[in-house]
Amino acid sequence: MLQAIGWPWPGPPADAAWQAMCAVYSQCRPARVIEQHRSGYVVAEAPEVPIKVESLPAWQRRGFPPHERAVVGDWVLLDGRRIVALLPRRTVIKRLAAGKHYRQQLIAANLDTAFIVCGLDGDFNPRRIERYCVLIASGGVEPVVVLTKVDLCVDVGAAVAVLREHFSQALAVVAVDARKAEPVVALYPWLLPGRTVALLGSSGAGKSTLTNTLLGEQRMKVGEVRQRDSRGRHTTTHRALLPLPSGACLIDTPGMRELKFTGEEDLVEEFADIELLATQCRFRDCAHQVEPGCAVRAAIGCGTLDPQRLHHYFKLRGEIVGAADRSMLRRY
């Protein structure tokens, strides 16, 4: 029954860290966090069998690191209706929480794939998609772009071509009408039994509509979208893990307005071309500005690298380094 809610193995855990923790708590049973509220957690040991449980006392203390508490998608060990341990995460998506203070916010854990849902209206923004990709890939999760509202776009192929030009060919891009049955077929390769997928994107991008289509029922509330900026209200108010008919698990999330880096990200996946060129520079500490023998500048000179792409690489790298510096200062 655990496999139906995303247990990653056909039997007992194959991961050494999981084995060790399960051995310590041998009288406890595993469960998955399917909802997280201020008042506590809802977990499941099987599909459609939610259980309200008490969290660890330490998690309720003021000042306890938020990223060390359980989040939707996490696996925990239960003693009765009480969480006694958090199993190690295989993957996680996190960002810097909104506000002036440095605080990490975990979005979801133990994912295989994250669908970046983007409407082909005023919501379409390749640079924002790029930020999502950095956050997702840095957490060990596979990003997939899902373009919705194809009926509002005159040339869907052109939008897909923009992303193909901007991103690595390895990034999957799928365009669908979220109201129809086609997403079930188009997205099936990522929705196989035992896999876990999260929906990320702005409010009004079509996440709730897509969720209802994949579920095969109208379970999630769908809101109206403002015409002036293609933004919607938060119809999804909390994260929830939902078993799909395909055998996969889907985590629906509220829309995110800010995508701040924590300082732990890297750009190896999303800027693999620049990272590879950098290894060919004459100097190991080349800043790709005016240094002789710079392979990155040479690529711009011969037209194989878009200078705007390098500019954005510098911008994102600067944000990541800045976030890392602020995190370090906060520790001392």
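The backbone N, Cα and C atoms fix where each Cβ goes, glycine too.
For Thr148, Lys149, Val150, Asp151, Gly201, Ser202, Ser203, Gly204, Ala205, Gly206, Lys207, Ser208, Thr209, the entry in Swiss-Prot reads GTP binding site. What Swiss-Prot records for Cys281, Cys286, His288, Cys294 is Zn(2+) binding site. As annotated by Swiss-Prot, domain 'CP-type G' applies to 103-259.
Across the structure, Gly201 (GTP binding site) and His288 (Zn(2+) binding site) place their CA atoms 33 angstrom apart. Here the binding-site residues are Ala205, Cys294, and the one ringed by the most other CB atoms within 10 angstroms is Ala205. Less than 8 angstroms from the CB of Cys281 (Zn(2+) binding site) sit His288, Glu291, Gly293, Cys294, Ala295, Val296, each of them six or more residues away in the same chain. Rounded to a whole value, the Cα-Cα separation of Val150 (GTP binding site) and Cys286 (Zn(2+) binding site) is 43 Å. Report note: the Zn(2+) site is defined by Cys281, Cys286, His288, Cys294, and the residues of the same chain whose CB lies within 8 Å of the CB centroid of those residues, excluding them, are Leu277, Ala278, Arg282, Phe283, Ala287, Gln289, Glu291, Gly293, Ala295, Val296, Arg297. Our reading of the GTP binding annotation (Thr148, Lys149, Val150, Asp151, Gly201, Ser202, Ser203, Gly204, Ala205, Gly206, Lys207, Ser208, Thr209) yields a largest Cα to Cα distance of 19 angstrom. Most Cβ neighbours within 10 Å, among the binding-site residues Val150, Ser203, Lys207, Thr209: Lys207 holds that distinction in the structure as shown. Counting in whole angstrom, Ala205 (GTP binding site) lies 40 from Cys286 (Zn(2+) binding site) by their C-alpha atoms. The secondary structure of Thr148 (GTP binding site), as reduced to three states from DSSP, is extended strand.
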